[in-house]
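Structure record follows, encoded as structure tokens.
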Amino acid sequence: MDNQAVVDLAIVVDATGSMGTFLSSLSESLQQIVQIIDITNVIQNINIIMYRDYCDSVITASSGWVSKIDDLIPFIRGLRASGGGDTPEAGKTAANNLLDVVKNNTIVIWYADAPPHHKSNARDNFAREINTLIGSDKIFDWIELCDTLAARNIIVYPIINRHHFDTSSFYVAMSTITGGKTLYLESTNEKIITQTTIKLLLSLMGCDNEFKSGVKELVYGSEFNRSSILDENNNAGYLPGTRSSILVNTVDLQVQTHPWLITNLRSLVSLFNADSHYKDKIFAVFKSLMKPTSVLSLTYNTIFATFWRLICRTYDDPRKEVLKEQMSVVLENLKKTNREDHVVVTEWISDSYNQTYEVNDIIKTKAVSKVPALVLDTTRFYLPQEILELSRTCNAKVLSTVVDMLSSIRLIEKEEDLPKTNEQELDSKGRPIPLKYIPLSLPNKYLFSILPHLIAPGSNFSLRPSMILATVAYITNNQILKDRAKNHLEYHKGKWIDQSLPENYTGGFINLMLRVPEFLTDEEISFFKFYQKVFGLLINGSTELDIDMPFTPYKKVCNDFKRECDHCHHIRSFTLLTIDDDGKYKCGLCHSPADDDTDTLNRVYTIISCDTPGETGMTISKDTTLGPSSKEHQDDYHSVYLECKSCLCHYALVNVDKMNVTPKCYGCRFDVYLPNVKCIICTNKYVDPAKIYSDNSETFVCPQCVSDPRSSIDILKVKFKDIYLQNKSTIHSLVGFEMPSDINVFGGHSIFSIKDKINILDHTENPTSLVFNRKFMLNAPIVIIEMLKWINSGSAEKGLCMICFNEFSKSNLRQICGRKVCQSVACYDCMKSWYGENKVGDLIHVNALTCPFCKQCPMFNILAAFNRQVCAMVRTNNSFDIDWWYGWCLKCFQPKKVVEKECSEDAPQLGGKFICEECSNVKPENSKECPNSLCKIPIIKDGGCNHMECTACKKHFCWLCANVSYETSEETYDHLYKIHGGAFEYDQDD
């Protein structure tokens, strides 16, 4: 408060039984109201006075004057609606109690729903109160009470929910005489009470607040003439009890600033930064109010949004993270339970980024001269939080926005050419209109902090984002700002990059900083280069590399070295030949019972020739074609080959049609040693039972390589993550650090979250070999070079979104349907747009239920990620008639026919409200339709009076008639008493 006298706040509350709903909401609201008022530092002391009536054990009670808000909370929580034997209450006693304790200028908020005792409503408690007050030398006359309040500098603002003259006239008289206003609430829910009271007090302080729906001001229908009133009984029609009454009307509420309370709330920003006790108070209030039921109280003035932004900027205070977590929980809760409030809070957070007050002040006070100045020549504008993404991610989209701004800057030399702004005008939220120029005479500190204000009005960067902005201006060679940017970067060299901040570990920021090493210290360069490699490793999991691998045959006709078996005289592959006791070649098929045990020999030639293991239960019959009589099905230079899945040796196959199990050579299947030889070109191994080539293995070239070396190589496209998983130690030695073993390296982790788990190696090595599927890559050196190129660049291979045809890092593309037969991929936004097109209550887009390319239903995990609700509809396997439009029913949650296409050329507009015919015909028992023609929702009455409020459209109506809707509860009660004689007449069906 700006050098004003002390001002106190008194809150007077009717706590009788009729205030049940009102007081229940009020007790919650008061806790929010007193905390919000406390952080304005305008009100010095607060006192809450509760009153009932003279038939109750407790007529009045008070919290006493307190300056510490925590001392009020127990009293507020103890407020209960009780007692009150007749309609009027002991309001005059409460007013006298107030007069007894007031010491300073006082603002009074008076909540009530009933009049004070008066001869027009006199019953038993009337006599009790008049006797008590007169006997105690107190004031009983209402008009005299109002005059005394005014004389004592007490201004009263009644807040009531009754429009009847018999009630409202007393409070209109009180507010008129004391200089206040009477506020009429159309609804007494917590939200309306809190919003109205806080906005009332903030308006008195000088904040521009618009009172929208839910509250009106009550005024006399003619000009108030105090001199015509003698007392409460001779009241000239301003109060009940006379033959003619002056009407009480409702008008739109407008509250002017009061000189007692006028203050500049913006000064509290500097207090937050300078006073630790005040900062503690702000944190405590935000923590208390950060709940779904009370967070709206923070949204009624932009100063509270500024406090939220200050809290979010406080990096070294653990309370910030607690509040941010609370806010996340609140937003998630409101998103599910109260969409309207969720929108309000989201907009409030958005407003918290707008610092137009501060920016305008910097331009006016820190600039030596207005010109030369920078202005923006563009039609594109952004929100402050959009441009502030520059501080968080430095991604391409945000950087392009900044470049767009810098390229649209113009230099103005003459003051008369500057954009004109009415500095006295305020926007819809009470903020000044932003100035649209930035003087170049501002010091660099301010120039680069408020420069984004041109494209995102209200933007005011802290040091870090302003340094990033200067970096972009320098890199893009902006002729107006390059020299200033260079000076700014040189001045802060080594002073602004805090390695404890998560934002400094993002890939975009790292890559940007390494473009200007001249403005980094040696330590910072080493820091960024190291984490650029870490980032490069993390993002390249989906990058594809071309690798050359030794070919893997499976029932494939290949070149072969063959020799004649000296027993059967068939030309056999060298992989099937053994040496008998006489030193002659003997193929596996020629082994006979005469040579060895029958079972063993059966297994020998069975395995070698057709790979069918005897132990699997498959037996060799006596009339089998296996054995020496088995003829070769290939010529003398070719055989059908397999690769053993255990030892990876190649071996030939004779009876191909008998092969029906996993390939395994004889040695691996029976765990015996079998000689083999390795090709010096393709590195494939071959079974060599007779050791024909094993003795000269250093010069062995396999038959496939002899014929055509290119045919012995399979060229594969393999994802980097598959190579990494099989060569971890090798790749770690190449890059110089080890990634943590307990995480999925390519699972989308941020660098900051794993940086403490990264083990930096003392030295790096230069291995030249890599394996894939247990075989050595033939082009390992080239693959290593390609891998390191991607890792060291801090960038990843891009792929094409097959829906929007934009390029994205492959790690940011997903399979559209998840089926192996469909390899189509798309970006997140396109996936969300495609599968998210169908919404409950709207027209069903049948195509969006399937993959846009293969036309199959997507896998559950894909669909659930982008539209979980639609999973149930897809699972029902509905067949859709192409001649019909279908809608998604709000009630049965099933696709239902809407109209034939031949009857409706254009798609029907369902507006999210589609209910199928079957569901529409089902109504709850004893229900009545809302009489609002635009609503018509079925409503059930479950006890209480006959005043009803539709929860859908908020209209009021009489349950007995249910044929007319009213705007207010007051109109409904007027109808009930006039037509039905009261609010509780029973319907014959009830």
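Cβ atoms here come from the backbone N, Cα and C positions, even for glycine.
These figures come from a predicted structure and were not determined experimentally.
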Scan 639-692, 801-854 against Swiss-Prot and say which stretch is down as zinc finger.
801-854
Taking the Cα atoms as reference points, how far is Cys804 (Zn(2+) 1 binding site) from Cys945 (active site) in Å?
59
Helix, strand or coil for Cys950 (Zn(2+) 2 binding site)? Use DSSP.
coil
Could you check which of the recorded positions (Cys930, Cys945, Cys953) sits closest to Cys801 (Zn(2+) 1 binding site), going Cα to Cα?
Cys953
Taking the mean position of the Cβ atoms of Cys930, Cys935, Cys950, Cys953 as the Zn(2+) 2 site, which residues outside that list, in the same chain, have a Cβ no more than 8 Å away, listed in sequence order?
Pro931, Asn932, Leu934, Lys936, Ile937, Ile939, Ala952, Lys954, Lys955, Ser965
For the zinc finger (855-903), report the average pLDDT of the model, please.
81
Does Cys827 (Zn(2+) 1 binding site) have same-chain partners at least 6 apart in sequence with Cβ under 8 Å from its own Cβ, and which are they?
Cys801, Ile803, Cys804, Asn806, Phe808, Asn812, Leu813
Taking the center of the Cβ atoms of Cys801, Cys804, Cys827, Cys830 at the recorded Zn(2+) 1 site, which other residues in this chain have a Cβ no more than 8 Å from that point?
Met802, Ile803, Phe805, Asn806, Phe808, Leu813, Ala826, Tyr828, Asp829, Met831
Which one is it: of the binding-site residues Cys830, Cys930, Cys935, Cys953, whose Cα lies the shortest distance from the Cα of Cys945 (active site)?
Cys930
For Cys953 (Zn(2+) 2 binding site), write down the residues of its own chain that are at least 6 apart in sequence and whose Cβ falls under 8 Å from its Cβ; none is a fine answer.
Cys930, Asn932, Leu934, Cys935, Ile937, Ser965
Between Cys830 (Zn(2+) 1 binding site) and Cys950 (Zn(2+) 2 binding site): CA-CA distance (Å):
40
DSSP-wise, what's the residue breakdown of the zinc finger (801-854) into helix, strand and coil?
15 helix, 10 strand, 29 coil
